[in-house]
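Enquirer: Pasting the relevant annotations from Swiss-Prot:
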- GLY140, GLN141, GLY142, SER143, ALA144, ASP145: ATP binding site (BINDING)
Amino acid sequence: MRNIKIEKAVQRPIEQNEIEVVERKGIGHPDSISDGIAEAVSRVLSQTYKEKAGHVLHHNTDEVQITAGESDPKFGGGQIIKPIQILLTGRAANEFTLPSGETKKIGVDTIAIEAAKKFLQDTIINLDVEYGTVVECKIGQGSADLRDVFQRPNTIPSSNDTSFGVGYAPFSQTENLVLKTEELLNSKDFKKQYPFVGEDIKVMGLREKEDITLTIAAAFVSKYVDDVDAYLNMKDELKNIVNDLAAKETDLSVKTLINTADDETKKDESGYYLTVTGTSAEMGDDGSVGRGNRANGLITPNRPMSMEATSGKNPINHVGKIYNLLSNEITREVVSDVEGVKSIDMIILSQIGKPIDQPRTATAHIQTEEGYSINDVEEDVTRIINKWLENITDIKEFMLEGKLRTF
């Protein structure tokens, strides 16, 4: 029997709070770039390990540090003066043993650097990766006891730590709007139509009773902005686009503010949020893994959260990754499939050395719809939790295929 517990939630629904704060750091924010690189390196290493060794070997690449460069954005152009410095650290197996006893080497540094550069090329479209970045790899090899767990690929892995993951569903209107705003502004179709908007977009949502204020910091790409008037017109256009989205996504009142640090008395570039590449990493904003969005893509101080970084951790036995992703999948399925469940949040706690499908506890807190009790939904919720735990190694395949969000 697994340690699954279903309880009635004691906190009131998020919608009944007068104040709600929700944040998302867009894909071009330096912290998100760090997360994305870490996860890209882990995914490519995992695929390489599986191809060469037959299974994923030990690694954790969740230590990426970005040190900002220096740039000189100008209306209609600009230049990079000093490249962005990117340091890849962590641990990864650099060899494996064949059944014959022969040892084969794996070029971890080369693989990691190539994965990082490809992520940057695919994500920050105005960044010349070769000219504008310096990527250095200092990934070492893990200890023998950690590597040994990965030599038993057909067993349920043992938990690498005593840690926990959390998840909840459904999103509130504010959470949904914040997430969809950033996703729209960073979508490929949007970038084709509005290339002046860079990828470094931070959306902060504040709900005060029935009123939402979205404060958006959006890096504009200087070569697409001719002068101050063009910048201000583009900012108004962006505001209208966000307001149109908000009208479709929520019935609450929404006020949109963009680049509120701008000084509109200035007639040159110094008063406005301009970048050469579309990310503030080019000129003064550093980044680190785990300092931004949680595994569901948001930062939500009104909700249960884990401080664990999910990006870059191995998908085999690192419960700091697996349990956060698992909690998100479980809660979404429960809300979608179990009649009578209004909302759910849950926590899954591991115990170091124990099988990851046997957590110390998997506890769900449920708010039921009117007319339903915990007894009415307990069996179905337990069944879903048990199903996901029973098939917990599927998370590995989802991660290798890039199907799950980690930031």
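Any Cβ shown, glycine's included, is placed from N, Cα and C.
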Enquirer: Tell me, how many other CB atoms lie within 10 A of the CB of GLY142 (ATP binding site), whichever protein chain they belong to?
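Expert: Neighbour count, Cβ to Cβ under the 10 Å cut-off: 20.
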Enquirer: Might you list, by sequence position, any residue in that chain lying six or more from GLY140 (ATP binding site) with a Cβ less than 8 Å away from its Cβ?
Expert: THR89, GLY90, ARG91, ALA92
Enquirer: For GLN141 (ATP binding site), name the DSSP secondary structure in the helix/strand/coil scheme.
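Expert: Note: GLN141 (ATP binding site) is coil by DSSP, not helix or strand.
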Enquirer: Provide the number of Cβ atoms within 10 Å of the Cβ of GLN141 (ATP binding site), excluding the reference atom itself.
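Expert: Neighbour count, Cβ to Cβ under the 10 Å cut-off: 15.
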